[in-house]
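In Swiss-Prot this protein carries:
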- 41-61: transmembrane segment (TRANSMEM)
- 43-330: domain 'ABC transmembrane type-1' (DOMAIN)
- 87-107: transmembrane segment (TRANSMEM)
- 157-177: transmembrane segment (TRANSMEM)
- 178-198: transmembrane segment (TRANSMEM)
- 364-603: domain 'ABC transporter' (DOMAIN)
- Gly397, Arg398, Ser399, Gly400, Ala401, Gly402, Lys403, Ser404: ATP binding site (BINDING)
Amino acid sequence: MFNKIFSWFENRLNPYPESNPTTPKKGLFRFIWSSITGMKGWIFLLAILTVGTGVMEAVLFQFMGTLVDWLGTFTPERLWQEKSHLLIGMAALLLISIVWGFLASAVHLQTLQGVFPMRLRWNFHRLMLGQSLSFYQDEFAGRVSAKVMQTALAVRDTVLTLANMFVYVLVYFITSGVVLVALDSWFLLPFITWIILFGLILRTLIPKLSKTAQRQADARSLMTGRITDAYSNIATVKLFSHGSREATYAKRSMQDFMVTVHAQMRLATSLDTLTYATNILLTLSTAILGIILWKNGQVGVGAIATATAMALRVNGLSRWIMWESARLFENIGTVNDGMNTLTKPHTIVDKPQASPLQVKQGEIKFNDITFAYDPTKPLLNHFNLTIKPGEKVGLIGRSGAGKSTIVNLLLRFYEAQQGEITIDGQNVLNVQQESLRRQIGLVTQDTSLLHRSVRDNIIYGRPNATDEEMVLAAERAEAADFIPFLSDSQGRKGYDAHVGERGVKLSGGQRQRIAIARVMLKDAPILLLDEATSALDSEVEVAIQESLDKMMENKTVIAIAHRLSTIAAMDRLIVLDKGQIVEQGTHAELLELNGLYAKLWNHQSGGFLSESAE
C-alpha cells in the first residue's frame, strides 16, 4: 500500500519533459523562476503544508502550557468532565499532524527532492548540446558538465530551503508571537531581543559567507576543469613525462580552493559561537522573566512552561536556521557561478519558420561569403564556389588557407558574416540544423569516438540500422578484421566492447575506420572528407579506397587532403590561398598551369606536403 502511495507522489513530475527548454533568464531570481517552470505548483503546495506544520507546532506548545495549569487546578475526574472535548480535539489535531507531516514529507522527498534536480539537469544538458562549437572552444568540457550537475542541485536546495525552512520559521515565529501575547505581552521582549541580535549576526556574517561561497564555487570549477583537462589529455601528459607538472598545475588550483575553505570555516565558527551565546541569553532571560511575572501573580506555571519550551525550541531552530542560511548562500554562490554559463544564448539557432532540408540533387553554392574568426582578420573575403550535383571536388592549400572553414560553414558550425550558402537552392540559414547535418556525412582526421561500445559508435550514423547493415558497413570500412578481437575491462568483446574516452583504447587507424564505417552506414547524399584516411597505413588505405570510391558514387563530395595523391582523381581540384580560389581544374590541367598546385605537388615527399610547402 505504502509503495503505491510513494509511487503516486514520485510520478507527479516528469523528470524528462519533452518540450524544448528555453534559455534561463539572467539575474538570480529570474534565473531560478524561469528554471522551475512546470514545478511551481508543487513548490507552492509544499509551502502551504509547511505553513500548517509551523502553526500546529506553536499551538501544541500553547496547549501544553495550558495543560500544566489544568493539572494544577483540576482533579483528574473534574479535568475529564470539563475539558474532555478539548483533550479529544487536541488528540485529533495530533493525529491530523501525523498525516499532514506525511504529506509534507511526501511532497518534499518523493515529488521534489529527487525529480527537481534531474529535471533541471535534463533541461540544462539539452541547452548545452545546442551550444555552438565556438562555445566549447572557450570552455573546459569538465567545467561545463560540473556546472550542469552542481547548478541543478543548488537551485533545488535554494528553492526548497525558501519554501520549507524559511516559510516554516516565519510562520512559527508569527504564531508563537500570538501565543506569547496571549500569555503576557512581556514574554515578547526576550524573543524580540533575540530576533534583533540573531538578525544582526546573520546580516553581518552571511553576506561574507555568500562572497566566500562564490569564490569557492569559482575555485571549485577551475580545479575541476584543470583535473579533467589532464585526464582528457592523459596520452599527451605521459608522452612528455609531465605527470608532476600536471599535479603541480592542479595543486595551485587546489591551494586556491583551500584558501576559500579556511575563510568559510572561520566565518562558520564565528557564526556558531555567536548564535550559541544569543540562545543562552534567550533561555535565561525567558526563565527569569517568567519567574518575575509568576511572583507578581501575572502568569501561571503553565505560561512559564510554554514560554520556556518555546525558547528551547528556538534554541534548536537557530542552529538549523544558521546552517541552512549558510548553505543557502553557498547554493546561491553556486547558482550565480553556473548562471554565467547556462544563460548564454545559443549563437546559432533555427529560425522560427525553418524547414527540413530537402536534398534531391546535391548542388552546393557559396555565394559572396565573407567570414572571420577574428573580425579584424577576414579568412574568406567575397568567396564564391559552385559545386555541381554529384561532383567530386578536392580542396587544396596550405594550412590556414580556409579549407576546413569552408566545411564548417557548410555544416553551419559557424555562420558567415556576409553572403549565403545554398544546397539545392535552399539557404542553410533557413533550414533546420539537424536536418542539414543529417544530409551530410563527415569524416575528419581528428576522429573522436564516444565512450561506448563499437556497435553504438557505428550505428550513431543511423540509429535504426540493423545489425546486418552495421556489420556490412564495418566490412566496407575494413574494420571487421579487428573488431572481433576487441575487449574491455568489463569482459565485453567485439562489437559490444567499449572503446574508452574519445576511443583511446583503439589505434588512430582503428578509430578512423570505425568513423568511416559510421559515415558509410549514414549514407548521406553529401559527403565531406577532411583528411579521411590520414591515420591509415598505405596497405589499409588502398584496401579501403575502393569502398570509399563506391560510397562516393551518386554523391556530392568535398575532400580535403595534404596527401595530394589521394584526391588527384577528383572531378575538380580547388586551390585556395589566403581564403581565395587561386586555381581550379583537373590534376592534369593544374600541373600544366604550373602554378601553386604544381609547386605543392613538386614539394611533396612521400605523398604529403613538405614543411617548406606548408
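Note that Cβ sites are derived from N, Cα and C of the backbone, with glycine treated the same way.
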Indicate the candidate from Arg398, Lys403 with the smallest number of other Cβ atoms within 10 Å of its Cβ, considering only these binding-site residues.
Arg398
If I restrict to non-local contacts, at least six residues apart, and a C-beta distance under 8 angstroms, what lies near Gly402 (ATP binding site) in its own chain?
Leu379, Leu380, Phe383, Leu576, Lys578, Gly579
When the number of other CB atoms within 10 A of each residue's CB is tallied over all shown chains, which of the binding-site residues Ser399, Ser404 has the maximum?
Ser404
Give me the non-local Cβ neighbours of Ala401 (ATP binding site): same chain, 6+ apart in sequence, Cβ-Cβ under 8 Å, ordered along the sequence.
Leu576, Asp577, Lys578, Gly579
Around the ATP site formed by Gly397, Arg398, Ser399, Gly400, Ala401, Gly402, Lys403, Ser404, list the extra residues of the same chain whose Cβ is within 8 Å of the site's Cβ centroid.
Thr405, Leu576
Which of these binding-site residues has the least crowded Cβ, counting other Cβ atoms within 10 Å: Gly397, Gly400?
Gly400
